[in-house]
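Undergrad: Feature annotation from TrEMBL assigns NADP(+) binding site to A:K82, A:L83, A:P84, A:N85, A:I86, A:S87, A:N135, A:G583, A:S584, A:H588, A:R599, A:W600, A:D601, A:R648. Residues annotated as substrate binding site in TrEMBL: A:S132, A:A133, A:V134, A:N135, A:P136, A:V137, A:L138, A:R139. Summarising the annotation, TrEMBL assigns D-threo-isocitrate binding site to A:R145, A:R546. Feature annotation from TrEMBL assigns Mg(2+) binding site to A:D349, A:D547, A:D551. If you look up TrEMBL, you'll see A:K254, A:Y419 marked as site 'Critical for catalysis'.
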Number of protein chains: 2
Amino acid sequence: MSKQTIYYTLTDEAPALATSSLLPIFGTFAKEADIELELTDISLASRIISAFSDTLPADKQAADGLKFLGELTASPEANIVKLPNISASLPQLYAAIKELNEQGYGLPEYPENPTTEAEKDAQARYAKILGSAVNPVLRQGNSDRRAPAAVKGFARKNPHSMGKWKKTSTSHADYMRGGDFFSSEQSITMEKDQTVRIEFVGQDGSVEVKKTLPLIAGEVLDSMNMSSKSLRAFFEQTLQDAKDNDIMWSLHVKATMMKVSHPIVFGHAVTVFYKDVFEKYGELFKEIGVNPNNGLGSVYDKIKTLPEAQQEEIKQAIQDVYTSRPELAMVDSDKGITNLHVPSDVIVDASMPAMIRNSGKMWGRDGKAHDAKAVMPESTYARIYQEVINFCKTNGAFDPVTMGTVPNVGLMAQKAEEYGSHDKTFELPANGTMRVVDEQGNVLMQHDVEQGDIWRACQTKDAPIRDWVKLGVTRARQSNTPAVFWLEEERAHDAQLRIKVEKYLQEHDLNGLDIHIMPYNEAIRFSMERIVRGQDTISVTGNVLRDYLTDLFPIMELGTSAKMLSIVPMLNGGGMYETGAGGSAPKHVQQLMEENHLRWDSLGEFLAVAVSFEELGIKHNNEKAKVLANCLDKATGKLLDTNKSPSRKTGEIDNRGSHFYLAMYWAQELAAQSDNAELAAKFAPLAKALTENEATIVAELAEVQGKAANLTGYYHMNLDEVAKIMRPSATFNQALASL
Amino acid sequence: MSKQTIYYTLTDEAPALATSSLLPIFGTFAKEADIELELTDISLASRIISAFSDTLPADKQAADGLKFLGELTASPEANIVKLPNISASLPQLYAAIKELNEQGYGLPEYPENPTTEAEKDAQARYAKILGSAVNPVLRQGNSDRRAPAAVKGFARKNPHSMGKWKKTSTSHADYMRGGDFFSSEQSITMEKDQTVRIEFVGQDGSVEVKKTLPLIAGEVLDSMNMSSKSLRAFFEQTLQDAKDNDIMWSLHVKATMMKVSHPIVFGHAVTVFYKDVFEKYGELFKEIGVNPNNGLGSVYDKIKTLPEAQQEEIKQAIQDVYTSRPELAMVDSDKGITNLHVPSDVIVDASMPAMIRNSGKMWGRDGKAHDAKAVMPESTYARIYQEVINFCKTNGAFDPVTMGTVPNVGLMAQKAEEYGSHDKTFELPANGTMRVVDEQGNVLMQHDVEQGDIWRACQTKDAPIRDWVKLGVTRARQSNTPAVFWLEEERAHDAQLRIKVEKYLQEHDLNGLDIHIMPYNEAIRFSMERIVRGQDTISVTGNVLRDYLTDLFPIMELGTSAKMLSIVPMLNGGGMYETGAGGSAPKHVQQLMEENHLRWDSLGEFLAVAVSFEELGIKHNNEKAKVLANCLDKATGKLLDTNKSPSRKTGEIDNRGSHFYLAMYWAQELAAQSDNAELAAKFAPLAKALTENEATIVAELAEVQGKAANLTGYYHMNLDEVAKIMRPSATFNQALASL
């Protein structure tokens with residue numbers, strides 16, 4: 001039997017720290033089944049370094065881990081465990097570059113307005129790193145996400161807190177009723193392979209080709225436009241409405257994943273909210289390089305170059321705004337960080353479920369939770385949150401003890417429906433027409449646009465759609481659960497998809513299955529009506545809803561999306577096992593640095609690695625891998641039942657302690673099982689050693705807490721130093737090493 | 001051609017007053033087509049008098065008009081124009097008896113707790129008069145209600161005011177989540193004709209037969225129980241919630257139509273709200289005959305017999321309650337009349353649409369509109385209002401200019417689904433079991449009950465259901481409109497009905513029709529989603545929803561349900577044409593008495609009589625009747641367009657003025673038409689006379705306004721005196737008489 005490999009990703013922040021403790025455990029256990037765990041660095045820092053490696057000295061270069069894994073996805077042997085990573089916003093990129101340069105990398109700054117060739121080159125390299133740059137490369141399959149039975153069972157027995165909902169809650173979602181992407185969407189399906197051009201036609205008739213796109217037969221191409229005038233009017237109107245009705249105003253966008261379109265949307269919110277400031281200091285801000293798309297933080301950052309008196313004047317002008325505007329939701333009320341400070345702080349898919357779980361409230365300036373107007377300009381998806389809010393007002397909060405589950409089958413293979421993230425989104429410099437033209441010069445789609453509008457196109461290939469339909473049907477069959485295809489009748493794109501879905505459904509035996517096609521509002525309502533009755537419903541959705549719903553429902557059901565099992569069955573036969581969600585990881589790192597306590601829960605990694613082992617076991621007939629998988633699942637269940645997950649509180653069990661318990665339970669399960677005597681014999685001494693030394697190890701792990709820990713970096717840590725911090729128990733390390 | 005007859009009903013309050021002016025006009029025009037309009041008295045007063053006529057002197061006796069019309073419905077010749085009448089609550093009955101006795105009738109008082117045979121006899125006679133006593137007798141067919149095209153068009157051109165909805169509105173519907181009729185409902189379909197017994201089994205095993213019911217094959221029999229403990233706990237909990245959240249508390253029940261069950265529900269609300277008062281004075285109240293089911297008004301009424309000091313003490317105790325309870329919605333804030341004063345003041349089907357139209361607000365003590373908790377204990381129907389409220393919060397108020405229409409086809413023939421009104425509802429005197437037993441002694445349905453619970457049964461015969469399905473399909477076909485059968489999957493009754501609906505639908509050609517079956521929440525949401533897009537949807541519903549929806553949608557669409565065309569195609573071939581709605585009629589009478597201005601709009605009568613003429617025209621090949629109908633519709637349209645409907649303001653055109661204009665336009669149309677030369681010639685002089693004397697007649701009609709008018713009675717008016725008041729224009733009367 002040849003050696004099999006699991007490619008385990010090194011990412012960022014808390015998950016990367018946890019890896020330092022956890023990977024040695026996985027590696028130790030795996031080698032007994034002839035499985036190797038290979039660490040592949042795809043952290044933001046490593047992606048930056050490798051992008052510039054041709055310009056760096058040899059000792060500073062780094063391999064392109066992401067490229068390597070991307071190529072691997074084409075192989076049926078691909079078995080990747082993918083941890084959450086940073087989808088970098090501009091401020092995060094700035095910070096990472098700064099840190100690397102402090103470490104002596106000498107990287108160029110990110111040029112916002114490149115003029116020289118060198119600057120253009122640098123910007124192009126950085127552009128590939130920004131936002132959701134990792135997932136589209138690796139996700140060469142559709143998505144299968146669900147709450148594992150053990151996790152769901154645990155949540156039912158140990159329900160997380162859920163804020164009660166009042167019938168008198170004034171919280172609501174607010175979204176545009178026109179002028180947004182939803183209302184302007186156009187969509188076509190290609191009849192044959194051909195290359196189309198995206199063109200801007202100026203009012204003088206001049207034609208500028210913005211992009212050429214090679215498309216293949218069956219591919220769905222969408223285009224849509226967000227009117228900046230309508231967007232700004234919408235923001236102003238919601239601010240007035242919030243002020244008039246004395247309700248907090250809270251912006252929820254997706255500036256990370258939708259890295260081109262949503263920072264612009266965010267920037268409009270900043271300049272409308274702080275209208276008085278930007279009207280007065282607009283010219284000055286331009287000169288000193290303020291970019292509102294980076295949030296109000298950009299103002300505070302850039303004015304540091306100004307004389308102190310002027311700085312104070314501007315700060316006062318900002319404070320003055322708060323008297324005329326409604327209260328603004330806070331990210332950190334102690335530090336005065338609002339929702340508009342940094343675009344990456346409030347990410348709709350995580351922030352809206354948090355709000356819903358928190359009785360529909362956001363945090364105010366006074367540090368208390370208040371009802372809020374959740375402003376989500378794009379109406380396509382915002383409406384589902386209003387539906388949830390109405391449901392909670394009517395029926396009260398969801399109850400984790402009794403509620404059913406909503407697993408997701410999501411369309412995402414081959415960069416399907418990557419809206420607004422990438423190279424087909426344009427902020428328009430002038431009035432004119434955006435159009436898509438085919439090789440014969442026929443105009444396939446077009447929009448009249450105005451200066452400042454955001455126009456974007458989006459591709460979805462046919463093969464992924466067909467595979468997605470198959471995956472939806474397969475999951476419905478395997479789990480004996482109704483499945484709903486979320487397709488909005490009134491959306492141009494979904495109308496195209498519906499034709500394909502109805503066609504491809506016919507390729508499967510649907511006998512005895514309960515398959516529906518519903519618009520979003522109806523689908524979420526249907527799912528909620530079932531969930532409160534304890535019934536399960538598979539959501540079969542496009543890419544964005546996949547992203548949103550696999551936070552929304554898990555956060556209600558399990559208290560976190562990090563506990564979901566997330567599988568990407570690759571189109572070419574391999575598999576990727578994604579873990580957790582990075583939403584709150586920055587806070588975790590901060591706590592570690594200040595108090596040497598890491599509250600990150602590696603449950604997602606436990607679940608993913610078990611499925612990863614299982615897959616190798618099936619594919620290579622590796623019986624030991626199957627036993628490892630089975631015992632790992634049992635150990636995870638025991639860890640949940642005995643409450644050995646990390647506590648949020650310094651001094652109590654943290655990420656490292658939970659890893660120890662996982663190892664102990666896993667070794668115990670392996671020693672106790674009778675499926676494979678060799679493994680039982682092998683792990684018996686380890687089980688004994690860990691069991692006997694439990695008190696010592698726990699004490700060693702607890703001892704280090706409470707003091708500051710020096711990480712040597714935030715984005716680019718020294719892994720040896722991290723290992724010292726993350727593996728402080730000599731007893732535990734020695735027991736592992738002795739296997 | 002034999003003489004044809006339209007039976008025109010004399011009812012109560014404003015519609016009865018209007019009849020005094022309008023019927024002479026209809027009669028004058030009709031006789032030219034050999035049609036006679038016969039006035040049949042079914043007023044509350046006449047029903048009381050006729051019920052006791054065997055005990056009255058000859059000059060005080062009255063024929064039983066209702067019985068006569070009831071028998072007439074079996075004839076294919078039945079052609080009845082039915083105006084709104086009083087569904088008497090107990091306080092209304094008391095008042096009517098008092099008035100009749102003041103007029104010398106010497107009727108027995110209504111005995112609440114009859115002991116003697118005479119009292120029992122009196123109570124039995126009065127019981128038949130209470131509540132919805134008229135409609136079940138006359139409605140020997142299902143219901144077809146819609147907004148006539150002219151009326152809908154007028155509303156679109158002249159939209160009524162609609163209160164804006166705030167997204168931050170705190171208004172909501174609150175209803176029981178268990179222990180109510182919905183959650184306890186059981187239902188069976190009879191396989192054969194047989195008589196069943198409704199029995200109460202005491203805890204000692206004793207069996208009391210409460211009722212025997214002869215049932216026929218295919219008949220659906222339901223039973224359900226409202227737990228008084230749950231109901232009272234629910235009221236208390238909603239009061240606490242309203243108090244805690246500083247929102248007004250507003251009760252909405254159906255104490256008139258559901259004349260047995262809902263006054264009891266109302267009474268519980270009164271004794272829970274004024275708990276402190278009823279705990280302190282409960283025994284005293286019993287002695288002096290306070291009946292909380294008649295509202296707080298009963299307290300104020302009955303304590304009049306007590307010493308003044310004690311009265312003041314009790315009044316003070318009532319005032320004290322308001323400090324510990326949430327604010328209570330007012331019916332008349334000037335006079336301090338709350339929602340709990342009289343059970344007939346706030347009728348859910350009219351009050352909820354009014355609240356929704358008024359931005360979701362009810363009237364407070366300060367005379368201003370406030371957000372409110374609308375308390376509707378029974379969850380079966382209350383949920384649709386919460387759905388509407390959520391929809392308005394999300395999408396804003398409905399817009400009469402653009403909204404579609406929701407006509408209704410309602411199941412009601414042969415007393416179908418007469419819930420809670422009648423002889424199968426019981427307030428239980430002790431703990432035990434209520435059960436339905438067949439002839440063989442098999443228990444068909446049973447409920448464990450507690451003292452004070454409200455148990456009720458309900459019958460729905462098969463033939464009306466079959467006819468209802470047919471009427472639904474027919475209307476869908478005739479109007480080329482999607483139709484939705486509102487059937488709630490989770491209701492036992494609806495599950496039985498659904499089987500029949502699916503079966504009977506197969507009897508029709510459904511080709512090209514868009515027929516749905518949906519639970520209530522989904523059906524109303526579907527209808528609202530369509531209505532805001534300008535699309536129409538027929539609601540095909542049971543009896544209660546018929547009643548509720550034919551107020552709800554018309555009030556949104558037209559500003560009133562009085563403008564609906566309401567047809568009852570009788571099972572035996574006749575037709576009844578119902579007009580208007582009596583919801584605000586008492587206020588109209590008050591205004592007439594104080595200022596001699598009657599704001600009642602007879603539009604419903606104009607529409608009904610036109611259809612009534614048309615039906616005679618078709619049935620008897622009476623061409624003149626068809627011309628009369630056609631010209632009447634045109635006159636009605638012209639009256640709407642020229643804004644000759646009654647104004648609410650004294651001094652402006654009132655009911656009488658609008659009748660004059662109808663007559664003038666009608667005569668003009670008849671004179672101008674060329675379908676029937678005889679009629680044209682006949683009406684030309686009248687058209688001329690009315691046209692020439694328009695200013696004189698209008699002046700004569702205006703002149704009388706502003707002074708008090710003596711009606712000589714409220715329930716039992718002297719018709720000659722009324723005619724003097726309602727026909728004050730000598731010029732107009734003379735012109736009519738000269739035809």
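Placed from the backbone N, Cα and C atoms, the Cβ positions cover glycine too.
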Undergrad: Spatially, and counting Cα to Cα, which of the binding-site residues is closest to A:K254 (site 'Critical for catalysis')? Options: A:S132, A:V134, A:L138, A:R599, A:D601.
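TA: Spatially nearest to A:K254 (site 'Critical for catalysis') by Cα position is A:S132.
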Undergrad: When DSSP states are folded down to helix, strand and coil, where does A:I86 (NADP(+) binding site) land?
TA: coil
Undergrad: Judged by the number of other CB atoms within 10 angstroms, which among A:D349, A:D547, A:D551, A:D601 is the least packed of the binding-site residues?
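TA: Candidates: the binding-site residues A:D349, A:D547, A:D551, A:D601. Fewest Cβ atoms within 10 Å: A:D601.
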Undergrad: To the nearest whole angstrom, state the Cα distance for the pair A:R139 (substrate binding site) and A:R599 (NADP(+) binding site).
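TA: Pair distance, Cα basis, whole Å: 28 Å.
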Undergrad: Which chain-mates of A:R546 (D-threo-isocitrate binding site) that are at least 6 residues away have a CB under 8 A from its CB, listed by sequence?
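TA: The list for A:R546 (D-threo-isocitrate binding site) reads A:S143, A:R145, A:N408, A:G410, A:L411, A:M412, given in order along the sequence.
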Undergrad: Quick one: what's DSSP say for A:R145 (D-threo-isocitrate binding site), helix, strand or coil?
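TA: Assignment for A:R145 (D-threo-isocitrate binding site) reads strand.
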Undergrad: Counting Cβ atoms within 10 Å of each candidate's own Cβ, which of the binding-site residues A:P84, A:P136 comes out highest?
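TA: When each Cβ's neighbours within 10 Å are tallied, A:P84 tops the list.
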Undergrad: Sequence order is fine: just name those binding-site residues in A:K82, A:P84, A:D551, A:R599, A:D601 with a Cα within 10 angstroms of A:P136 (substrate binding site).
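TA: Qualifying among A:K82, A:P84, A:D551, A:R599, A:D601: none.
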Undergrad: Going by a 10 angstroms cut-off between Cβ atoms, which of the binding-site residues A:I86, A:A133, A:V134 has the sparsest surroundings?
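TA: The binding-site residues A:I86, A:A133, A:V134 were compared, and A:A133 has the fewest Cβ atoms within 10 Å.
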Undergrad: Round to a whole number and give the Cα-to-Cα distance in Å for the pair A:D547 (Mg(2+) binding site) and A:N135 (NADP(+) binding site).
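TA: That comes out at 11 Å between the alpha carbons.
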Undergrad: If one looks at the chain holding A:L138 (substrate binding site), which residues at least 6 apart in sequence have a CB under 8 angstroms from its CB?
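TA: Counting only residues 6 or more apart in sequence, the Cβ neighbours of A:L138 (substrate binding site) under 8 Å are A:L66, A:L69, A:G70, A:T73, A:I80, A:K82, A:V568, A:M576.
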Undergrad: Cα-Cα, whole number of Å: A:N135 (NADP(+) binding site) versus A:D551 (Mg(2+) binding site)?
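TA: Between the Cα atoms of A:N135 (NADP(+) binding site) and A:D551 (Mg(2+) binding site), the distance comes to 16 Å.
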Undergrad: Quick one: pull the CA-CA distance for A:D551 (Mg(2+) binding site) versus A:P84 (NADP(+) binding site), whole Å only.
TA: 13
Undergrad: Whose Cβ, among the binding-site residues A:R139, A:R599, has more other Cβ atoms within 10 Å than any of the rest?
TA: A:R139
Undergrad: If I take the alpha carbons of A:P84 (NADP(+) binding site) and A:V134 (substrate binding site), what is the distance between them in whole Å?
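TA: Counting only the Cα atoms, the answer is 10 Å.
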Undergrad: Could you say which of the recorded positions A:K82, A:R145, A:K254 has its Cβ with the most other Cβ atoms inside 10 Å?
TA: A:K254
Undergrad: Could you tell me the C-alpha distance between A:A133 (substrate binding site) and A:R599 (NADP(+) binding site) in angstrom, no decimals?
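TA: Rounded to a whole number, the Cα-Cα distance is 27 Å.
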